[in-house]
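Before any comments, here is the structure.
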Amino acid sequence: MATASGSGTVASDCEEEDQDDPSSSQHDVQDIADNLSQLNVGKVQSNDYEDELSVFRQQWQRELEATPSPQRESKKVVQELKNTEAQTDEEKAKSLFLRGIEMERSGKLYEAIQHYKRAIQILPDVERRLYDSSDVRADTPAEESDNEEVINPNVAEDSDDDEAIEGEELVTRFQRILAKKGHLFQMQYQAKGCHISWLPYEVIQLILRWVVSAELDAISLERVAAVSRGFHVAARDNDIWKLMCVRTWGIECGTPRANGFANWRQMYIERARLNLHGCYISKTTYLRHGENSFQDQFYRPWYLIDYYRYLRFFPEGLVLMWTTADEPVSCVSQLKYRSAKHHLGIMAGHYRLVGDKVVIVIKKASTEKKAPQSSNTRFRARRKENHEQQEQIFHMELELRNVRSRRNWSLVWQHYASRAQLHRRSARTAHFLSLIRLQHSRAVLYGCNCIILSVFAILFYKMEMAIFL
């Protein structure tokens with residue numbers, strides 16, 4: 001019985017365990033399912049993070065590519081330079097320069113400077129050659145075929161616009177035509193840059209004043225007036241010519257009507273004045289007898305001596321005078337600037353224009369040489385100072401004359417005096433009254449060939465830029 005009961009107890013325990021097993025297995029399955037779902041959620045979240053990270057990386061890469069980098073652009077420049085090795089130096093320089101223009105317009109200044117520098121190293125005058133060639137009309141090499149000269153359709157063929165009125169001056173006619181058009185200039189070809197027609201009239205007048213400059217360059221002003229109708233009218237403005245007259249004859253020059261002229265321009269052209277764009281040159285020739293004591297094969301009974309006197313005038317009243325035996329070709333360039341070169345013998349002074357007379361006063365710098373001091377004091381009182389201070393002042397009066405159709409082309413001597421200051425209280429003055437005025441029959445390039453003995457005349461010589469350089 002006992003055995004049976006024992007076995008029954010064991011059997012009941014097994015049944016209880018069998019009853020508990022399904023519940024525990026259900027819990028394990030639920031835990032596994034929960035773990036799997038958590039893993040799936042983690043994988044989904046990790047995938048989302050990876051997608052966001054990839055999107056961020058792509059966006060960052062695009063920003064880096066869009067941002068200019070010196071290293072990246074320098075690599076591109078090196079690659080471009082390798083591709084252009086087969087071209088000639090001029091073609092490479094032009095290509096690099098145009099590439100630099102394109103980069104400068106797109107805002108890449110650092111890369112543009114690199115291209116400019118490389119182009120100038122290959123060909124220093126690449127910019128001038130580009131402007132001389134027809135390719136410069138295009139903005140970039142890629143747009144050369146697209147950008148051609150397009151004539152402005154608003155600019156019609158000039159048919160003299162209006163009929164000419166008999167007796168009407170050219171300036172008055174141009175003013176009437178421009179007043180109808182409503183503008184001073186009109187561009188003939190379409191351009192992207194700023195055109196001079198956009199400038200106001202006051203700025204045009206300021207530019208023309210700079211053309212005249214402090215040198216009173218009326219020749220350059222007339223050249224500008226020959227460009228177009230607008231410049232012709234602007235260059236005839238009375239304010240510009242009045243300023244030139246005041247600078248020439250002073251503030252008390254009077255008015256055009258008081259001097260018998262129609263306007264300030266006519267007064268400046270026709271009234272006697274000095275030419276400032278060159279120098280006046282006189283050539284003096286005289287005879288010198290030979291020395292009779294030397295009777296050999298080199299003896300000459302007389303010698304023909306030539307020397308030149310140069311006068312260079314400046315607008316502010318300064319004048320330079322130089323007396324030398326050198327030819328004008330080698331001397332004119334020395335008188336270009338206002339500074340007097342005393343070591344060459346060039347003297348500086350001042351002049352005044354009174355009517356058709358020119359009064360000049362020139363002071364020669366003293367060449368005082370001090371005697372060497374000796375330590376020996378014996379018989380010092382008996383010594384005489386042989387080197388005295390000598391100061392020379394030259395007074396000249398000349399008259400302006402015309403040579404054929406050239407106005408104020410010659411100066412004729414009227415009076416000449418030299419005053420030497422020997423001591424503080426003594427002076428010596430020498431007057432040259434035998435100067436004969438010449439009637440010039442032929443104006444040559446460097447002076448008058450027929451001047452003999454003490455006859456002087458001065459002709460104007462225009463300074464060319466080739467001689468200045």
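A Cβ is built for glycine as well, from the same backbone N, Cα and C atoms used for every other residue.
Quick look at what TrEMBL lists:
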- 1-10: compositional bias 'Polar residues' (COMPBIAS)
- 72-91: compositional bias 'Basic and acidic residues' (COMPBIAS)
- 199-246: domain 'F-box' (DOMAIN)
- 263-370: domain 'F-box protein Hrt3/FBXO9 C-terminal' (DOMAIN)
- 1-29: region 'Disordered' (REGION)
- 64-91: region 'Disordered' (REGION)
- 93-126: repeat 'TPR' (REPEAT)
- 443-461: transmembrane segment (TRANSMEM)
Mean of pLDDT values spanning the repeat 'TPR' (93-126): 88
When DSSP states are grouped into helix, strand and coil, how many residues of the repeat 'TPR' (93-126) land in each? 28 helix, 0 strand, 6 coil
Going by DSSP assignments with H, G and I as helix and E and B as strand, what are the residue counts for the domain 'F-box' (199-246)? 36 helix, 0 strand, 12 coil
Grouping DSSP H, G, I as helix and E, B as strand, the residues of the domain 'F-box protein Hrt3/FBXO9 C-terminal' (263-370) number 18 helix, 47 strand, 43 coil
